[in-house]
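Record features, source TrEMBL:
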- 7-20, 102, 161, 186: ATP binding site (BINDING)
């Protein structure tokens, strides 16, 4: 049985995701869907509103069959590396025939041309120059591609979703030759749209509504599947979310105030003396937002700075990133699955080039995490488990703030007509 793959964050899983998931299965002809999903922290440098097991359960209860975690060393990166990490993991599983992704313009030929253009050394050089002016990676790449493709009629808008689609195609060219692209034209609200209007709304708008109201309002309930609503409502009642960046500001400031300048300089994306600005600001800032505002400068976008701060909090260094980029994802950690997902796991156990992890302690335990002589796989997994230990400190319910979640929590099995488990 072949499956269609989707790379996602599901923060949280909403009706637009549900529509894409059904469309992906239909367009690809695949009876099953495998999701590679960000874990406790997401690409924009923020904690996910709800933890990875809850979000994976939302997806499986709404049509996905198997959810695999994207290691944090890829999830907390710019679009290029986020896409590459997801594609490499899907390719490694050996059971994925198609990759589905949302696009604004369903012109695959044009997108492929742009992906090839984006892969040239000249384009890379121009993008790096743009990044130094403070543009985000998607904006920089979009501007460069627009300038280079002006000789041809524009058939593709350089929106964040199309830029991410181009990155998926680039990654398929490099790492996933056996996987076919399956674009799905987006039907829902813009990525950063903050207002909710049925039948679709952005994840940004849904998060805003939940945070402002402390519950799932009827307007939000109209744009998320019933399973997501039930899981979110139970999580809110139990104090297992929502989790926001502000929950970690004391831990982050403590970390930054005790890091050496050389250690800050070794954080991914820290260049041109930014370590001095971070160290000085950490001594006077009293919270997350204040710290970000004080560090902000022309050459660093808000999102890039948020990722830098999370890298500091999680202990992710340039060396860890370099090692991970060279090796690719070294395991497939299972978060949730259904009966069809169980069959996919059986097939993957025979075909996958990376080990499937259903029990973390078979590969790493909580004591090993603190020793120096870890394997590359263990080092990558240690970052993920540390991310969960830190993330749990953001739960409203103090009784849930214990560590070791990755060593205690099993993958969530979703039966055909399951109760909501939180």
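Keep in mind that glycine also has a Cβ here, set from the backbone N, Cα and C atoms.
TrEMBL does not curate its annotations; it predicts them automatically.
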Fewest other Cβ within 10 angstroms of its own Cβ, chosen from the binding-site residues 10, 13, 19: 19
Collapsed DSSP category at residue 10 (ATP binding site): coil
Other C-beta atoms that fall within 10 angstroms of the C-beta of residue 16 (ATP binding site): 21
Fewest other C-beta atoms within 10 angstroms, as judged across 7, 161, which are the binding-site residues: 161
